[in-house]
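The structure's right below; bear with me while I get my questions together.
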Amino acid sequence: MKAKQSKALLILYATQTGNAMDAGERTGREAERRGCSVTLLSVDEYDASSLSREETVIFVVSTTGQGDTPDSMKVFWRFLLQRHLGKNWLEGMRFAVFGLGDSSYPKYNFVAKKLDKRLSDLGAVALVERGLGDDQHPSGYEGALDPWMSSLWRMLNKIDPNFFPNGPDPVESEMTLLDQPKVEVRYHDIGEVNSQFSVAADLQSREKDIEMARLMSPGKFSGKSGPSCFLKMTKNKLLTKAGCGKDVRHFEFEFVSSTVRYEVGDVLEVLPGQNPAAVDVFLQRCNLNPESFITVHHRKQENGICGTDLDVSKVPIKLKTFVELAMDVSSASPRRYFFEVMSFFATAQHEKERLQYFTSPEGRDDLYQYNQKERRTVLEVLEDFPSVQMPFEWLVQLVPPLKPRAFSISSSPSAHPGQVDLTVNVVSWTTPFKRKRSGLCSTWLANLDPHQSTVIPAWFQKGSLPPPSPLEPLILIGPGTGCAPFRGFIEERSIQSQSSTTAPIMFFFGCRNEENDFLYRDFWSHHSQEEGVLSEAKGGGFFVAFSRDQPQKVYVQHKMRENSARVWDLLSEGAAVYVAGSSTKMPSDVLEAFEEIVSKESGLPSESAVRWVRALERAGKYHVEAWS
């Protein structure tokens, strides 16, 4: 008898850091385990105009920054907001939305909430109440994902049992079957490799290696595969007082390849080097030959989960080089599926049982504590389960990709031609079990010696802070390393003021102590002098909040309120607002301060003042660049 054809499920995900992709892939695997045919796509791989022809769509979306859509979702979201799409455009379509967010942020899961509402406004019908994953939950976003999926499977099965030929709650078996990995690794002999490419100059060779490694990696990268340029560090200066508990550096770089034109407000992405000893230990632990030459190919699968391999000529690369450039083995934590696959390759029974427990609903909280909370690295996890020998294909697929880290540029190209500066907090912290951790890229940069001429791959990108017109008054708020882009803004305006009229700038800076972490003190003081662009004589001003130098904490929003009349004067003159720094409470506290200032100085009721500031945002005159 012919088997009954299962109904198809389309899953679209929008991710910034990879969590939403992981949740989308897990949702797809769970649907397939129930016998459902699944197509899983990043939302930027899907034609939004086709949405009205779909029957059932699952959305898994993250919220980034201050309630922003992930980059991959911006085009899709703009399409959905078109006015000509009527209230019946999605009539007949059923959908479900799962969001990933962090409840410590003001606009918690804002993207999932607005997507859910917009789809309903266009006539689609929600299958279940939207699920909201929360990083603050003891199990992270999976604390909400599991019950949301259970509700979704029951509802789909109730609507049409053909969705799940295996039933909505298949019996857990011993799970002896494992899908093929999404990638295939092909090995090449040295003669074949030498015949395919000639030995190039060092920089060209390095650029080709990076391009090939990123092109062959299953991870998704923004921008082009090869770096925009290579940089060499020329200065590594400690900005904070030694021993104060904070380590903030000023780095200067010069171009060693072609010079890239950039503007103030742009972002520099840096590909960090991994600890060579950690890479060697990983290769040894996984029984990999570092001298092998490989190419990585993406398998084509009928259900569409993997996508298709790119039609490009792939040049073989050394296995060790691929690991160094594309696989984050000593910094990032693996995802839940990594532990699930590990359980299939564990030969020690007690390890297999522990891994199976970690990936069960009962072990979810313990896995989160062991893995994410402790920020276990891939190498640490593999060393904790020594009987596991995973094939390299699975490692290529599941080890988190080594991604460039983004930093706000803190220089003006007009003031420093051929140079780019960064202001970087060297990240370190202690885990709940008192293990010392450090940020991969910031620590790597801090340990570089400018005299050693280390070549640094870099990409220039547009950030959230567009360069302002010289005639536009500015109100800048940048506590801590949030001052970085505004150092560039002020350098730029100082150059502009030498040849033409410029508008005033008010800058609110904040730090803990005047003695310990008053970043760029002399720079701000110089530009606050009588003819400086921050001077009160020119209508501007520099205001600093030292949060720990008195019994009561003082932050930038307090300094804003102290100078509310002057803030309102600049706003009334058409000032643009720029906010940069930590994405925890600061941006929302600053926004609230602006609303209070507008209400107080204009006499508007609170509700009208809120609308006034929102209008500033809609007009493109309120910009926020925040990071965690």
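For all residues, glycine too, the Cβ spot is worked out from N, Cα and C.
All TrEMBL annotations are machine predictions without curation.
Keep in mind that what you see is a predicted model, and the values were worked out from it rather than measured.
The FMN binding site feature in TrEMBL is assigned to 15-20, 62-65, 100-109, Asp135. Per TrEMBL, FAD binding site is recorded for Arg375, Arg405, Ala406, Phe407, Ser408, Gly439, Leu440, Cys441, Ser442, Trp627. As annotated by TrEMBL, NADP(+) binding site applies to Thr481, Ser547, Arg548, Lys553, Val554, Tyr555, Val556, Gln557, Asp589. Feature annotation from TrEMBL assigns domain 'Flavodoxin-like' to 9-153. The domain 'FAD-binding FR-type' annotation in TrEMBL covers 226-468.
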Just how many other Cβ atoms lie inside 10 Å of the Cβ on Ser442 (FAD binding site)?
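Its Cβ shell of radius 10 Å holds 22 other Cβ atoms.
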I'd like to confirm something. Which of the binding-site residues, Asp102, Tyr105, Ser408, has a Cα closest to the Cα of Val554 (NADP(+) binding site)?
Tyr105
Going by Cα-Cα distance, pick out whichever of the binding-site residues Thr15, Ser62, Asp102, Tyr105, Ser408 is nearest to Arg548 (NADP(+) binding site).
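Its closest listed neighbour, by Cα, is Tyr105.
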Which residues of the same chain, at least 6 positions away in sequence, have a Cβ lying under 8 Å from the Cβ of Gly65 (FMN binding site)?
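Looking at Cβ-Cβ distances below 8 Å from Gly65 (FMN binding site), excluding near sequence neighbours, one finds Ser464, Ser583, Val624, Glu625, Ala626.
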Counting every protein chain present, what is the number of Cβ atoms, excluding its own, within 10 Å of the Cβ of Thr481 (NADP(+) binding site)?
25
By CA distance, which of the binding-site residues (Gly18, Asp102, Tyr105, Asp589) lies nearest to Ala406 (FAD binding site)?
Gly18
Using a 10 Å radius around each Cβ and all protein chains in view, which of these binding-site residues has the most neighbours: Tyr105, Tyr108?
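Per the Cβ count, the most surrounded site is Tyr105.
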Please list residues from the chain of Ser62 (FMN binding site) whose Cβ is under 8 angstroms from its Cβ, counting only those at least six apart in sequence.
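Ser62 (FMN binding site) has long-range Cβ partners Ala14, Thr15, Gln16, Thr17, Asn19, Ala20, Pro70, Gly99, Leu100, Gly101, Val111.
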Which has the fewest other CB atoms in a 10 Å radius around its CB: Asp102, Asp589, the listed binding-site residues?
Asp589
Out of Ser408, Leu440, Ser442, Val556, Asp589, point to the one nearest Tyr108 (FMN binding site) in space (Cα versus Cα); all of them are binding-site residues in the record.
Asp589
Quick check: of the binding-site residues listed here (Gly18, Asp102, Asp589), which one has the Cα closest to that of Leu440 (FAD binding site)?
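Among Gly18, Asp102, Asp589, Gly18.
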Between the binding-site residues Gly18, Arg375, Ser408, Ser442, which lies closest to Thr481 (NADP(+) binding site), Cα to Cα?
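Checked the binding-site residues Gly18, Arg375, Ser408, Ser442; minimum Cα distance to Thr481 (NADP(+) binding site) goes to Ser408.
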Mind checking how the domain 'Flavodoxin-like' (9-153) divides into helix, strand and coil residues in DSSP?
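Going through the domain 'Flavodoxin-like' (9-153) residue by residue, I get 58 helix, 35 strand, 52 coil.
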Between Ser408 (FAD binding site) and Gly18 (FMN binding site), how many Å separate their Cα atoms?
22
At a 10 A cut-off on CB-CB distances, which of the binding-site residues Thr15, Ser408 has the highest count?
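Top count of Cβ atoms within 10 Å goes to Ser408.
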Quick one: give me the count of other CB atoms within 10 A of the CB of Gly18 (FMN binding site).
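That number is 16.
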